[in-house]
Structure formats: C-alpha cells, structure tokens
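Just below is one structure, and these are the notes that go with it.
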Amino acid sequence: MKTMKQLNIAVAVVVTVLIGMLGSSEAQLQMNFYAKSCPNAEKIISDHIQNHIHNGPSLAAPLIRMHFHDCFVRGCDGSVLINSTSGNAERDAPPNLTLRGFGFVERIKALLEKVCPKTVSCADIIALTARDAVVATGGPSWSVPTGRRDGRISNLKEATNNIPPPTSNFTTLQRLFKNQGLNLKDLVLLSGAHTIGVSHCSSMNTRLYNFSTTVKQDPSLDSQYAANLKANKCKSLNDNSTILEMDPGSSRSFDLSYYRLVLKRRGLFQSDSALTTNSATLKVINDLVNGSEKKFFKAFAKSMEKMGRVKVKTGSAGVIRTRCSVAGS
C-alpha cells in the first residue's frame with residue numbers, strides 16, 4: 001500500500017499537471033520576461049515611442065487598433081504584421097486595409113535585433129507599443145506581461161471572419177468577443193479606444209446612404225449629425241477616402257467623450273450604436289459617463305490586460321521572427 005506521503009505527492013503532481021494544461025500560456029507570460037535575455041528591451045521600445053510619437057500623435061490609435069486586430073485572429077501572436085506575396089494574409093483582409101504602423105513596429109524590431117538577436121517577439125512589441133503609445137498621448141497605462149511568441153500563419157479569411165467590422169450589430173459583437181473569452185463589459189471598455197483616432201467614410205457610408213432596402217439612412221444615427229456628415233464629409237456613397245474623427249473635437253484626448261457621443265446617437269459606426277441596444281452594455285456606458293476618468297482608465301486597463309492574454313503562444317509554441325513582416329524569418 002502507498003503511504004500517505006506518497007499519496008500526497010501523487011495528488012500534488014496531478015494538480016500541477018492540470019494547472020499546467022489549463023493555463024500554461026497565461027502562466028508563462030510574466031512581467032519583465034526579458035530582464036535577463038534583453039534587459040533594455042522595454043526601454044528601447046518606450047524611448048523610440050517618446051522620440052517619435054510627438055511627430056505623429058495620431059499613431060497611438062492605429063497601434064492600439066493593430067494590437068486589437070492581432071489578438072482577435074489566432075491570438076496575440078504578431079501574425080497581423082506578416083506580408084503575403086499572394087495577398088492572402090491578415091493585413092490584406094478588409095478590416096485591416098486601413099491599418100497603419102507596420103513600418104513603425106518593424107523599425108522597433110530592427111533596433112531590438114541589433115541588441116538582442118532572435119529574442120524579443122513581434123507579438124510582444126505590438127502589445128508594448130500599443131500601451132506606450134497610449135500613455136505618451138496622456139491615456140491610461142496598464143500592465144503588459146511578456147513572453148509571447150510569434151505565429152507564422154496569417155490568413156485573410158480568418159481575419160475577415162474574426163475581427164468585428166464597424167457594421168456589426170450587437171449579436172455579432174457579442175459572439176466575436178465571446179469567441180476570444182471577452183465579456184460584455186470588455187466589449188464596452190475596449191470600444192472606448194474609439195475616443196482617439198480617425199476612420200474613413202468607407203467605414204460608415206452605408207449608414208448615410210444605403211442602410212437597408214427600406215431605409216436609406218440609419219434611424220439610430222442622430223439626424224443632425226448625419227446631415228453634417230453628408231454636407232461636409234461623406235458627400236456620396238462612393239467616398240472611400242475622406243477622413244473622419246471617431247470622437248469629433250476630442251480625437252487626440254483619451255477621455256469619456258466617446259461614450260457621451262454614443263449616448264447622443266453620435267457614435268460614428270453602427271457597432272458604436274449597437275452598444276446602446278442591450279441593457280447590460282448600456283448600463284456600463286452610463287456608469288462610465290457618470291463616473292470619473294480615473295475609474296474609466298482603471299477599467300480600460302483591466303480589459304486591455306485581459307485582451308493581451310488571448311490565446312497567446314508561449315514556451316515551445318510559436319517562434320521569434322527576426323523580421324515581423326516575414327513569416328519564415
């Protein structure tokens with residue numbers, strides 16, 4: 001018969017194995033992962049952003065959007081950065097055609113490769129860059145544990161099917177976020193990133209000119225706001241290039257203005273308006289608007305940390321690409 005000590009050891013081993021199976025990827029992400037292998041990695045990234053973000057303050061929004069789009073396809077593995085000669089990579093998908101910041105990330109990668117070859121992943125660079133860029137523009141900070149490894153598969157169809165388009169209704173948003181382990185509160189908070197940055201008429205023209213077979217203009221869009229957009233910005237259904245602020249008048253400030261506009265039916269996208277069609281998400285918005293900016297920053301940070309852990313590759317999974325745009329590097 002086994003002794004009590006032997007039984008306790010056996011139970012401990014089983015529990016350890018189960019924990020490893022259930023949360024191995026999260027367990028292997030850690031703060032300051034590169035402390036020994038590349039001790040200046042995070043400083044190199046933050047310094048590069050501090051030195052360049054003021055020349056292009058509008059870059060913060062594309063970088064956080066890039067992080068979001070990366071994590072929603074095969075997890076946060078840097079696959080959104082991969083170029084494809086056949087035009088079949090994630091960055092060729094409709095939701096990513098207006099993404100910016102690829103060259104910025106690649107330049108940071110080159111700096112890191114000079115100091116610490118084959119050490120820092122492109123996936124971690126995206127995650128750290130998104131955070132540091134938002135902080136540089138006066139937005140919230142959040143913890144970014146590192147240790148992600150890169151994927152080598154990047155597929156247009158997967159990006160199209162998994163990244164929530166701006167035309168999403170509530171059901172679509174809920175499903176796509178749930179697929180990533182994100183709840184309705186995360187949906188509202190992560191949508192709050194629309195408080196900075198710009199989009200294009202192509203992302204919302206149908207709301208103005210071709211909403212449905214029976215209604216030309218989206219009835220959930222404030223009529224005065226719609227009239228202003230038609231007169232001064234998106235003057236036709238075919239306008240695909242005119243730039244629009246997602247949070248007019250406050251598009252460079254990370255604040256609660258976006259949510260106030262959503263409640264006034266002046267959210268730019270159909271997906272913004274969709275947040276008010278569910279009682280749970282509407283309550284979250286009202287709680288945020290009636291609360292402090294500090295409270296919003298804290299909640300936003302928590303959801304960003306959660307998103308940054310979505311289906312990450314760690315340990316023996318994935319690789320460290322030496323060039324972020326090249327799958328086989």
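FYI, residue positions are counted from 1 along the chain as it appears here.
Just so it is clear, glycine is given a Cβ too, placed from its N, Cα and C backbone atoms.
Bear in mind that the values here come from a model prediction, so they are computed numbers and not experimental data.
Among the features that TrEMBL reports, active site, proton acceptor is placed at His69. Non-local neighbourhood of His69 (active site, proton acceptor): Val80, Glu90, Pro95, Asn96, Leu99, Ala159, Ile163, each in the same chain, at least six residues away, with C-beta under 8 Å from its C-beta.
In the shown protein chains, 29 other C-beta atoms lie within 10 A of the C-beta of Val73 (Ca(2+) 1 binding site). According to TrEMBL, the Ca(2+) 1 binding site annotation covers Asp70, Val73, Gly75, Asp77, Ser79, Glu90.
The annotation substrate binding site is assigned in TrEMBL to Pro164. Residues within less than 8 Å, Cβ to Cβ, of Pro164 (substrate binding site) and separated from it by at least 6 positions along the same chain comprise Phe72, Thr172, Leu173, Leu176, Phe177, Ser271.
According to TrEMBL, the feature heme b binding site maps to His194. Note: His194 (heme b binding site) has non-local neighbours Met246, Asp247, Tyr258, Gly267, Leu268, Phe269, Asp272, i.e. same-chain residues 6+ apart with C-beta under 8 A of its own C-beta.
Those same-chain residues not listed among Asp70, Val73, Gly75, Asp77, Ser79, Glu90 yet with C-beta within 8 angstroms of the centroid of the Ca(2+) 1 site C-beta atoms are His69, Cys71, Phe72, Arg74, Cys76, Gly78, Val80, Ala123, Gly151, Ser154, Ala159. Taking Cβ-Cβ distances under 8 Å and a sequence separation of 6 or more, the neighbours of Asp70 (Ca(2+) 1 binding site) in its chain are Cys76, Asp77, Gly78, Ser79, Val80, Leu81, Ala123, Ile126.
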